[in-house]
Amino acid sequence: MCGSHPRPIISPSVLASDFGQLSSEVQRMMDEGAEWVHMDVMDGHFVPNITMGPPVLASVYKTVPNVFMDCHMMVADPAAWVKPVAEAGGKSYTFHIEALTDPAKAHEVVELIHSTGMRAAVAISPDTPSSAITDALGNSVDMLLVMTVVPGKGGQKFIASCVPKVAELRTRFPKVDIQVDGGVGPGTVGCCAKAGSNVIVAGTALFGAENPKSVIQDFKDKIEEGRSSWGTEKALEGL
Ligand code: DX5
Ligand code: ZN
């Protein structure tokens, strides 16, 4: 677990980028002020789609060595890809709790991730309750990811009913980074930030923006504004 005051972090999802120029798209978002870049890895099993794997991550890392690759692993076997992703330059590794046949084994995956030096994160899909994240698991990771769309593709509509899970997790884990991913944009970031999210993933809203820098700044401002509601009854106001 890192830090005592979760800071605003913006992580543009490359799913909405031009994959033919992936490295320059990654560099562009870093130049616009993004701290991280969100790499959506899909294996065709955990989700139907296939995107990229460690060789592509390694190519990006070679061209943009200072990139912080926030790897969202939508894969059926999370443990199998930990070392290849670390070797490819991944800095954060998020796995889905739904991918484990025995969720009690999640701590083993977390330990494996940490043994490579990467940050560890665990994700919950819209149908998974926040109670799937036990106190022990939440306190062992660096970040929790609350999906606000069904994982699998970009450009979907934000599912507001996922936001109370952010508030519940923020109450239990005041110091852990909490990420939201899916359909997040200028109109939806505010409720996520108020509920407790400090790490914002956005694909369409950033890669499609005329001025990504101002959208990134707006997201960060919303997180700072939302912070005072964390853990209070205001967290879900107006939802
Ligand atoms: C969905 C991915 C998301 C997605 C976000 O499976 O995990 O990262 O690309 O894209 P937008 O912001 O367009 O919903
Ligand atoms: Zn993602």
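Positions of Cβ are set from backbone N, Cα and C atoms, glycine also.
Residue density at Gly183 (substrate binding site): 22 other Cβ atoms are found within 10 A of its Cβ, drawing on all protein chains shown. According to TrEMBL, the feature substrate binding site maps to Ser13, His72, Gly152, Lys153, Gly154, Gly155, Gly183, Gly203, Thr204.
Sequence-distant neighbours of His72 (divalent metal cation binding site) (same chain, 6+ apart, CB under 8 A from its CB) are Ser13, His38, Met39, Asp40, Val41, Thr94, Ala123, Leu145, Asp181, Val201. Annotated divalent metal cation binding site per TrEMBL: His38, Asp40, His72, Asp181, in sequence order.
The annotation active site, proton acceptor is assigned in TrEMBL to Asp40. A sphere of 10 angstroms centred on the C-beta of Asp40 (divalent metal cation binding site) encloses 24 other C-beta atoms.
For the recorded site, Asp181 (divalent metal cation binding site), the DSSP three-state label reads strand. All protein chains included, Asp181 (divalent metal cation binding site) registers 26 other Cβ atoms within 10 Å of its own Cβ. The feature active site, proton donor is assigned by TrEMBL to Asp181.
Each residue in Leu15, Ala16, Asp40, Val149, Gln156, Asp181, Gly182 lies on the same chain as Ser13, His72, Gly152, Lys153, Gly154, Gly155, Gly183, Gly203, Thr204 and has a C-beta within 8 Å of the C-beta centroid of that substrate site, without being one of the site residues. Within the same chain, the residues at least 6 positions away from Thr204 (substrate binding site) whose Cβ sits under 8 Å from its Cβ are Ala16, Gly154, Gly155, Gly185, listed in sequence order. Among the binding-site residues Asp40, His72, Gly152, Asp181, Gly183, Thr204, the residues whose Cβ sits under 6 Å from any atom of ligand 2 are Asp40, His72, Asp181.
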